[in-house]
Every structure is written in structure tokens, then in C-alpha cells.
Amino acid sequence: MKKNRAFLKWAGGKYPLLDDIKKHLPQGDCLIEPFVGAGSVFLNTDFSRYILADINSDLIGLYNIVKLQTDEYVAAAREMFTPENNAAEQYYQFRTEFNQSQDPLRRAVLFLYLNRHGYNGLCRYNLRGEFNVPFGRYKKPYFPEAELYHFAQKAQNAYFYCESYADSMARADGSSVVYCDPPYAPLSSTANFTAYHTNSFNAEQQAHLAQLAENLLEQRVPVLISNHDTALTREWYRQAKLHVVKVRRSISSNGGTRKKVDELLALYRPPKTK
């Protein structure tokens, strides 16, 4: 089956892992994603309903506008993708405008422009909450029109919330399945935790997420979590069935060498009742 790509570029996007995730993701009526990111799992599954959450208000604001004002949004965003706008001076002007703007539609339009023209498609903010990714210097940034329309169509069965992972997991009931893709744990004790948003995700939160998954398991709600395969993640997810996924993605390590990293899919699945 053809895979559908997200309209955003996204660090840690799940597109390469889709086959493995779908293989282990239990069936249900409603999929809850507390860390929706670019939405690759949402875009490539067939649940009746979706509850999609993220702590990033820019991301959730964008998704609601794409869902509810699709044609208006696509037309406005398309106008940003010109050769004249693919220049450092223009990029930094638009970045400043984004950081100062209070208009939801304009911010959503600028967010996609910055995502496609910024360095590596990163989404990063300084401690003041200002977007601070530098210009990416791409030859011709791609305008994802088909991907936007596909997202908008599928989003008619989705609800988007800007909230914490704990709040979105609390929405689960007997018809739900939960897929969690938290910012990944560091591969070593010296590595920093990934901070995609101003709220970085620490070890305490990682352990808390696993505890919430155990609590949902007791309520017979299945939960699937993805993360790096480390001694620490295996300890956090000790109550889950662990599946190791070989990933072609390379991670830079000390000395400039690159090594392959295994990932874990931790499945909390209620036993079948007789």
C-alpha cells in the first residue's frame, strides 16, 4: 500500500518505521497520539476517529486551520513558495514576522514556509519561545499541496489539542488505542535530551509516561511507545512486550563516526479475556 507523506518535514518523523508500527499497533475505534508531530502514523492508519495532541501550540494551530480553512490556507501558503522568498534576507524577515505575529492564519502560513525553507526542517525555539532555526539554503523548497489536501481530508475525523501527554492519555476509554512517540531518550548519559520545543523532555517525564501506559493497561487500553533501545528505556518499559526495530537512520557519535541505532516498540496490550 502506498504510504502517505506528511506535509511538514520533521525531526524524528515516523515515516521510515511505519510498517513496524502498524504491525504492532492494536486495533480499536479511536487512535490517541499525545505526541503527534508531523502525523505520519495518523496519515497511514484507518481508525474511525483520532485524538491528536502536541505541546507545540504552533503545530496544533496549523493543523486546525488546515482542517477548517483548507482552500484559503493552501492559496496563502502557496504564494510564499517563490524564488524571491528562497533567500536568507527574506527568510529572516519572515522569521521575525512569525515571532511577532498574533494572527493565527498568518502564523500558520509562515510556519509551513519556515519549516520548508529552514535548516533541516527543524522546529526549535529559544527560551523566550521564539522560533530560531537558521535559513536552510535549499535549491527549490517543495510546496506540499497534495499532502496538505490529503491531511485536511483525513483530519475531518480528527480532533487536535494543544496539551500535555498526561492530559491526552486521560482521554482514553475502552474503545481507544494510544500511540506515544515521545522525544527520544539520549543514547548515553552524556548526551542531551532532545528539546524540539521549549519544554524539553527529561528522564522523570519518560518514566512518568511509562507509568501512565501501565495505568491504561490496567484499564484494558492498549498503548504502544517508540523510543531508542537503551538500558534505561528497557527499564522504563519492563512491563511491556518489547520489539526491537533495526533502523537505517544513523546517529552522529563522538569522533564524527556514525552508527546504526536500534529502536524499541514497547507494547502494553491487555490479555485477551475468555
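Each residue, glycine too, has its Cβ placed from N, Cα and C.
Marked as S-adenosyl-L-methionine binding site by TrEMBL: W10, K14, D54, D181. Following the DSSP three-state reduction, the secondary structure of K14 (S-adenosyl-L-methionine binding site) is coil. Around K14 (S-adenosyl-L-methionine binding site), a 10 Å sphere centred on its CB holds 22 further CB atoms from the protein chains shown.
Listed in chain order, the extra residues whose Cβ falls within 8 Å of the Cβ center of the S-adenosyl-L-methionine site residues W10, K14, D54, D181 are G12, G13, E33, F35, V36, G37, A38, G39, S40, V41.
Here D181 (S-adenosyl-L-methionine binding site) comes close to G12, K14, E33, F35, G37, V41, I225, S226: these same-chain residues lie at least six apart in sequence, with C-beta atoms under 8 angstroms from its C-beta. Under the three-state DSSP scheme, D181 (S-adenosyl-L-methionine binding site) falls in the coil class.
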